[in-house]
Structure formats: C-alpha cells, structure tokens
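Note sheet for the following structure.
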Amino acid sequence: MFTKKKNERTLKNSSLENSFELNFNKSSIIPNNQTSQKRTSSINSQSRIFEDEDDTSVHRIIYINDCIKNQQAKFLHNSITTAKYNFFTFLPKFLIDQFSKYANLFFLFTACIQQIPEVSPTNRFGTVVPLSMVLLASAVKELIEDAKRHTQDKTINQKKVKALAGNGGFVSKLWKDVVVGDIVRIENGEFFPADLILLSSSEPEALCYIETSNLDGETNLKIRQGLPETMHILTPEEAVNFEGIIKSELPNNSLYTYEGTLRYNHKELALDPISLLLRGAVLRNTRWVYGVVVFTGHETKLMKNATKTPIKRTKVENVVNTQIIFLFCILLSMALCCALVTLVRSSQTGNFEEIILKQSGSLVALEAFPLIVTMEFVKFFLGTMINSDLDMYYEESDTPATARTSSLVEELGQVDYIFSDKTGTLTCNIMDYRMCCVAGSGFAQVVPDDKKIRVDESGKEIGYHDFEAMKRALKDSKSVLGDNLREFYTLLAVCHTVIPETNESGDITYQASSPDEAALVKGAVSAGYIFTTRKPKSVTIHINGIEEEFEILNICEFNSTRKRMSAVVRLPDGTIKLYIKGADTVILERLSQNNPYVDSTCVYLEEYATEGLRTLCLAVRTISEEEYSKWSVIYEKAATTINNRGDALDAAAELIEKDLMLLGATAIEDKLQDGVPETIATLALAGIKIWVLTGDRQETAINIGFSCKLITEEMSMIVCNETTHHETKKFLMDKLELVKYGTTNLDSIPDTKINYNDSIDEEYDERSPTFFQKLKGKLFKKKKKLFNKDIAVDNEPLALIIDGKSLSYALEPDVALIFLELATHCKAVICCRVSPLQKALVVKLVKKNVEESVTLAIGDGANDVSMIQAAHVGVGISGQEGLQAARSADFAIAQFRFLKKLLLVHGNWAYSRLSKLILYSFYKNITLYLIQMWFALDNGFSGQVMITQTLILTLFETWTVSAYNIAFAVFQPVAIGLFDTYVSARMLDRYPQLYRQGQKSLFYNNKVFWYWLFNCFFHSMILYQLMKFAYGEGTILADGRLADNWLMGETVYTMVLITITWKAAIVVDVFVKFTYVAIFGSIALWFVLFPIYATVAPMRNYRPHSYHIIQEIQKFNIPDYRPRMEWFRKAVHKVRQIQRLKRNRGFAFSQNESGQAELIRVYDTTKRKPTG
C-alpha cells in the first residue's frame, strides 16, 4: 500500500506560493509503513498551535459525525453573499456613497440654507425636491444592480449536494445548509460546496483529480490523496460509523498551505494541503469522493481571498467633483461680493451672516443640480445598449454582454492599460496535435495549398504531407521513414504520465496533469497507437489491433532545469530503449555524431515557432543489458539519497541521456480564442498597453505572446528570472539604464534621474494622511505621479518577461518603481507564475504611479477577481473557468474579441456623449441663473429674484422655474447623452487611433470646462443686457399696463430657452428622431408649437480636430489605402523571424514539475473501482 509524502507545514511567503505545486508531488507515493511513521512523527514538527486542545484562539476542533458538539462551537454557516447591500446596511452605505459626491453634498448645503425663514429668497423646496429625485433615481439603480447579485448568490446557495444522514444514507442538502463536520459525497463534474478533507474516493489509494481553474487559473488536472487510514471508507454504512476529531488551523486566505491533524483510532495523523479540497474546485475524472467539511461560507479559502465589492469612481466623475468645487468657490465669491455691496449700501448696520446667506440663496442654482440624475439616467441606458448589442452576443453559450455596473461606462473610453489573464481569456486551453516532422519529412493535420509537398530546385522534397499519407507510410514495413514513424509514435504512446480511464461504453478518457501530454497521447491514438492500460510496472498499447505491453523500468522526470523527460522501457522483444522528449536546445546537444535529420528538423522547428506552436523534440537510444544494470544501481542509489535527492537524480539521468538518435519533433497548438490576435493588434493601434498576468509557465506564456501578436519579431525580449532581491534589483536597474541612456555605466548617467527611494516614501508607501492633509491635497495639490502614461519610446520595441519569484522582489517598495519605469518603456509586459495577490499588486502599482492612467483588468477565473476589483474597470469573461470573474466584474463578455467593440465603440461613444452632456448641463443651468447676478447690479444687490413677482417665490411661479430642468431643458442633454454619435461604429473600428481622444481627455478637461463657463458668462450677460436695452426704463403693454420686472424676467427666460436649445442643435453631431423631438419639442412646449427651423446643421469649431477629418471621410466613404503599408512589413517578416529564433531558440512545454514516477508504479487501471 502506498500513499504520499507529507509536505512541509510552515506557512510560506508569497514567493513560495508561486513555486509550490498542488499537483503530483515529487515523492507523492511512498510505502505505507514509512508514511505512517512520517505522518505520526510530523506532529512534533507542526506548529505549536496544536499543543493545547482547549485553546480555540489558535485552532478549531471539529467532531466528525457529531453535529451537537459542532453546534456548540458556533461555526459560520455556508451561505455566501457578494452583494453590496442588505436590508439593514443599504440606507447608511448608500447615503455615505452618494454624499461622497461633492455635487450632492453641495445640494444638501443649499437645501439647508433654503429652509431658513426670511433669509432665502427662493422656495424652501426648490432644491430639496430635485435632490430627492437624484437620490431616489440613484437608489433605484443601485437596488436593481444589487438585486442581480442577490439572485446569483441565491442560485449558488441553493445548489444541492449529497450529505450523510444519521440513518446511514446520503440525502440531498442545500449548500447553504452544509455545516462543519458534515461528511459529503461529491460526484464527477461537481463543485465542492465547502473546504473539505478528503477521506476516500473511487480511485486506488484514495486518489482523486480536481480542476482548480477558479483558484489559480490552471485548467490542467491536479491530484489529491486521502489518508491511508481513511481510504477504506467506501460505503455510507462505513462513513456513518466513522468517528474522529480534526484539529484544524483557523480560516485564512492561503490557498497553498494547510495545517491540521486527525485523531482516529488513538492515532494523531497529520493533514496537509494534498488532502484539502477547496471550495470552487471541480472534481474531474473521478466517480466520487467522500470528504468532511472543515471550513464553510465566508471562512473558506476561496471567500477569504475575495474582497468586498469596491466603490469605483470614473475619471470623468473625479473631474466633475473638482469643477463643482470651483463653481462652489465662484458662488461664494459672488455671494460675498453682493453681500458686501448690500452691507455698504444699506443704512442699517445689518446682519452680515444673514445677508450673505440671502445672497447665496439667490445664486444657489448656479450649480447644475440636475446633472447627477441626468448622468445616472443616461449611464443606465448606455449600459442597456451594451446588454442588447448583438455583435457582442456569443451564440454558442447563449451569453450576451452585460454591463453589471453601468456607472463606469464612460471609463471604457479612456483605458490606457489592459491587464489580461492568459488561460481561458486569450486561449481556450485546448491543445491540438497539429504537425510533426519525422526523419526529415513534415506532416500536418491540415496542409494549406502553399505548403503542400513539392520538389525544390535541388531535388529535395519540401512542404508537408497530410496525416493520411503518414498513416500509409506507417504501414510500409520496408521503408526507413516507416521504421522511424513507428518508433516515433511508440515513444509518444509510452513516454508520458497519462492515466487512461475507460467508461462503460468503452471510450477512453486520458487523465493528464498537463494538457500537452494528453494532446501528444491523442496524437498517437490518431495514428493507431492507442494507449489503453497502465499498471504499476507497465503500459499496454493497441497497435493496429495488436496488444503490446511495454515494461517501464525507470522514469527521469521533467523539471525546468532539465527541460526534458525520459523513460527507460523494455520492449516486448526484450530490447531496452531510452525514450526522451524535451526542448530542442537540450535534446540537440545530446545527440550522437551520426544524426542525418538534424538540419531538416531544425527547419521545421523554425516554421513551427513562427506559427506560435508549442514544440518538442523526440529522440531514442538503445541500451544494452550490461549498461542498464550498471546505471540502475546508480539510479537507485540517487533515488534513496536523503539530501539533494533531486540533484542526484538529475546527475544520474545525465549519464544515460546521451548519444541519442533524433526521431523528429512535434507541434501542438494552444488554441487562441477567435479574433484574439486581431483584437490585440487593434487595441495596440488605439494606444492601449497590454500586460499579460498569468499563472502559467514562462515558456508557455512567451509562446502565447507570439501567437496572439502581443510580442512581435521586431521586439527584443528582456527576461528576468533572478532568484534574490539584490539580483532582481540590479538586473532591473541595469536594464533600465541601458534602455534610457544606452549604458550601464553610472558615471555617464545624468543626475536628473528619479530618486527611487524618495519616491517610494512619498508614493508607494501609503501612510495614512490626516483629514486636513487629504482636504489640502484635494483642493490645492494634485497628487504627484512619477511616470507619464504617454512616455515616448525612441529605441527599439521591447518586451519584458518576468517570473513570479522575481516579481515578488520587484514589487517590494525599493524595487517597485524601478520595475514600473522599465515596464513603461516596454511595449509588451508578461508576468508569469503570478499569484492572485501579485496580479492585484501589479495593477495597483500602475494605477497609483502612472499619471492619469485608467486601468482595465480582464479575466475569467476566481483567481482574477482581485485583479478585476483592483483596476478602474473590471471585465469578466464567462468562460470555462466558471462565472466568479464575471460576477465580480463591472462588465461581462463571453469572448476576448468583444473587448474591441466594448472599448472602441461603446466606450468611445459613452465618453464623448457624457462629456457633451456634462458640459451642456453646466452651460444651460449657469447661463440661466447667472442672469440673477447681472440683475443684482440693477436691484441694489437686494437678493431679489428676477423671475418672480415678489421677494419670495409663489408656488405657481416656483414650479414654472423648476420646470426648466423638468420639461423645457431636460430632453436636450438626454438626447445628447443617448444618441449623439460623433463618428460611426464602422469608422471607429476602421480608425482605432481615434480612441486616443478619450485617453488624452480631449472632449472633457479643465480647459474645455473653462471655455464653456466663459461661454455661459458671455451668453447670460448678452441676453440680459439686450432685454434690458429693449425694455429701457419701462415698456407699456397694449392694454396700457406697465411691464414690470417679472414680465422682463419671463422674456429673458424665453430667450435663454431659445439660446440653449440652439446651442444643443449646434453641438449635436448626428440627428435622430428623438434628437429632433428633444431639441425642438422643448421649444414647442414653451411656445405651444411655435414654428422653428426643422434642421440645424452641426457647426465646426475654429480649430478642427482629427475626428473632423474622419467625419468627412465617413460622409464620402473614402477608401483606406493603409493596408499597402503592410506589404513591406511582410517582405521582411521571415528574415526577422529567423534572426530572432537563432537568437532565442526555445520551446513551450507545460509538463508539470512534480514527481510522477512513483504514481506510475502504483496506479493500475485494470483494478475494479468501488461504487461508493
């Protein structure tokens, strides 16, 4: 009987989390007697938290199958919630959120002034009612969006799982009702409802396979194993009689560690991460498992890694907040001036406080109080337009795009950085055996017309045969090619760590820890070499209907240093051969002198690499009995070495992995999602920088970078694989100085470079400022940013690749800004083997230290949630890794390619529309109410309101004035915000460079705001002075009455309405039916169908912008001749590819670095499995 070796029990730091593999561990299977000793003795080395059983502050005690004792511990329930609000917290959270907006805070201040009797010249409800409408509309919107989260939480909580009942059977139980101590049965394909300790399974030795894509982003299968003492629990009757006590660590967020013990049969057995089944993982290729619940609900490790839904503010909203402060200061200045003049002109000493409040009350409408509610209304409908866009609907999974947080729609139009996951986001994580070359001949699954086999000028065959031709050659027993092909596919079918599973219908499913391995075995199956059975010491293959058994003598495992895997095999005829596969760089240097196929194979390898395929070289060597006998002694001695066993095994493998004969090479395609290369290329043209943050291996990530065109042949790669803090810092500094100054000689570098240590103290080390420091920073001091997002890169394009361990050092305070500055000089950045926490830290580093940058994070797994929530905008993909990312994101799409339209079209439109809406809303309100200031010059600064009959507004006239933002001036900004289109979707897709308008905030910034504000002052003054001049000292009406100031006020009101409507007609770029109704219908409401012009052509500014040119092109449909520029690039494409490959020859092989030799020894697929 065999079981696994106990892992270390110490809590690891983040760098170890990246390198720790919850997979087939290097010595995962050892004899049972050794295991029992190790598990028992390991208690002494465990943390002291287990010494005092009664001290529940450092551990929890769980009684298996004893719910009464567990209830006394009051463990947390298994119900989860990801919503922002509940019944009790909605009102306080909502009000705090709303009044963090300066506009609402100012309206509240204004409403308070208006409630003071005989001070405010305006109606006391003039601001309270609009503010209430704003809050009500925002509350409804928040409730609708949060209701969706509650619905999704309810769906999860009401899933069912089989839990053990007291009568000895399993009954269905809702997830939310699962409690700590329950024994549950999970079947193949089901999610784990809580964190479980594995007791037994349908597989031998209590093994099971899980997929942890929701946890770490990897869809390859990982192995878990229960204790040998519990593996006998195979029936409900045995499970109900099982009694034991688990002493577990307290809930924490470490996905890669676990400490605990199981007291059973008077023994204390150690529990480690290899026995832990985490919530969010899925059981794969295992019929069933029994597990006992240790953590539930928000105490599970998955939920401990989740963060609360953050409150996000867009870049536009922050600018609006700042400008509202400016307007508030202007209002106070105007009120102060009017109050001072009133005090001077008044004969009474006067109450200055009452006078200034009175003057402030007469000018309160200077703020655009309907702006917020109009913005929220428009954003909500822009979000529904995203939801209903058929171009972003994925028919295969029936998944539309979803705007889960519509308040961020305009932020989609200003994105500078995209942080993307790889697996499931850029790729489908589906490996396909595409090509191979054997004995100098190339074969392909699909052969394009330009690559079909032909004879060149020298008489040699070049090109590819199809797989059908390969199958015919396999049957040719007389040709050299046939012999090599048979050896080639025998190697693929034998040299691996795949386990076959045969279902009831006879179909074989291959369980593999690496998708590459499964693809190679399936490739052998397609050639007629079917791997059917694995036994402890052999594998069985069906070759053209004939069953052959190969004895596995030894396995030399893969690791990142060796970059290869080999198996010593005894063939059915008794011959001993070494089969080996690995990277071309390590295989080619171990070949014998007489290898006729090296040059031709290298040519094919270059072609595979240029197409972004994952390559492996295959070789073989025949070993004599005498040589094997001598080597096996060395190998066994290395395998039993206590210290540095891995190094000893590698050294032993080196002795036999030599004088190889090259058979050929394979090419596997890691399928990208449809349209990924085109989308990345288009987003790059739009000025968006894309960083890939992946948990995958470096070689794989680089390979995918080339496949998706993130890395191009023109780029030089900077690869950081340092192992210490000092080495990482020195490497990054040297590369940075080389990039910036072309030298690493510090004496020749200018003194103007950044002092990183000082910068870290100010920026990266976020110390808590006082309230007054915050207020001062917001009002008078703009936060200093270290790096410009539009930094010019004059040197050759660069790509930075850094692994997880180096990244952990690069994110430390004294290195972080060095890493960031180097990264900002690169066109592509790929971070490999990163943890979820590191993803979030990278996003925050850019977010906080790159000036005015807007970040977007996109992913599809639960491991991407922290990154998605850390970014300004989070986009989740509803993919194969579940819906956790989509549920936590602000926007959800089904495919990465939909991101192009989401940003370039919907984002661009939303930003331009809301920019006009904000500016126009400010304009229409300030223009109307500034007239009161001009009127103050004629009413002796008394505070009297012009558009009323008396000092205090009557009810009727108050609502007439209020109707300005309810009926007469409300539809114009709504029409602009919903339907105005400055450039069509087709042209935005055709000219992605237009997206830079939003990145540079050209439509809405302080300069544009002050221009519109000046326009308000100018228009209001002209309107008032013209009407004042027309009226003179007084105008006599037709019935002999004298026109008073109220009639003059209504006339000015009419002129203002005409002016702002005309302004709307001028700024609108595209008229639709609603635009006509909104603009001209507003005048009709006031004039009662007063005749006006039917169409007003949009007017150009004096200084044309680039999009004006595109608008003219759009009118005449002028063709685009830019694709001709690509022909020159294609002409030098091949040359650069070859140069790059010669410089950086490598491979992409995702074989896991974990010991599997012992697993192969123990697994027997011929044994009958228990039904449970």
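Just so it is clear, glycine is given a Cβ too, placed from its N, Cα and C backbone atoms.
Predicted automatically and left uncurated, TrEMBL annotations should be read as such.
Record features (TrEMBL):
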ACT_SITE  Asp421  active site, 4-aspartylphosphate intermediate
BINDING   Asp421, Thr423, Asp860, Asp864  Mg(2+) binding site
BINDING   Asp421, Lys422, Thr423, Glu517, Phe558, Lys581, Arg614, Thr694, Gly695, Asp696, Arg833, Lys839, Asn863, Asp864  ATP binding site
DOMAIN    62-127  domain 'P-type ATPase N-terminal'
DOMAIN    157-220  domain 'P-type ATPase A'
DOMAIN    886-1112  domain 'P-type ATPase C-terminal'
TRANSMEM  324-343  transmembrane segment
TRANSMEM  363-382  transmembrane segment
TRANSMEM  917-935  transmembrane segment
TRANSMEM  966-988  transmembrane segment
TRANSMEM  1008-1026  transmembrane segment
TRANSMEM  1047-1068  transmembrane segment
TRANSMEM  1074-1096  transmembrane segment
Let me spell it out: for each of the recorded positions (Asp421, Asp864), count the other Cβ atoms within 10 Å of that residue's Cβ, using every protein chain shown. Which one has the most?
Asp864
Short question: which residues 6 or more past the ends of the transmembrane segment (1008-1026) have a Cβ under 8 Å from it?
319, 323, 915, 919, 922-923, 926-928, 930-931, 934-935, 1052, 1055-1056, 1059
Report, in whole Å, the straight Cα-to-Cα distance of Thr423 (Mg(2+) binding site) from Phe558 (ATP binding site).
22
For a quick check of packing: other C-beta atoms within 10 Å of the C-beta of Phe558 (ATP binding site), how many?
24
Across the domain 'P-type ATPase N-terminal' (62-127), average pLDDT on the 0 to 100 scale:
79
Spatial neighbours of Arg833 (ATP binding site), counting only the recorded positions Asp421, Thr423, Asp860 and Cα distances within 10 Å:
none
Rounded to a whole angstrom, what is the C-alpha distance between Gly695 (ATP binding site) and Asp860 (Mg(2+) binding site)?
13
Work out, from DSSP, the number of helix, strand and coil residues along the domain 'P-type ATPase A' (157-220).
11 helix, 28 strand, 25 coil
Residues in the domain 'P-type ATPase N-terminal' (62-127) grouped by DSSP into helix, strand and remaining coil:
28 helix, 2 strand, 36 coil
Rounded Cα-Cα span from Asp421 (active site, 4-aspartylphosphate intermediate) to Asn863 (ATP binding site), Å:
9
Round to a whole number and give the Cα-to-Cα distance in Å for the pair Asp864 (Mg(2+) binding site) and Arg614 (ATP binding site).
25
If I take the alpha carbons of Thr423 (Mg(2+) binding site) and Arg614 (ATP binding site), what is the distance between them in whole Å?
15
Cα distance, Arg614 (ATP binding site) to Asp421 (active site, 4-aspartylphosphate intermediate), nearest Å?
19
Fewest other C-beta atoms within 10 angstroms, as judged across Arg614, Arg833, which are the binding-site residues:
Arg833
How big is the Cα-to-Cα gap, in Å, between Asp860 (Mg(2+) binding site) and Arg614 (ATP binding site)?
23
Let me check the 10 A CB neighbour count of Gly695 (ATP binding site). How many other CB atoms are there?
27
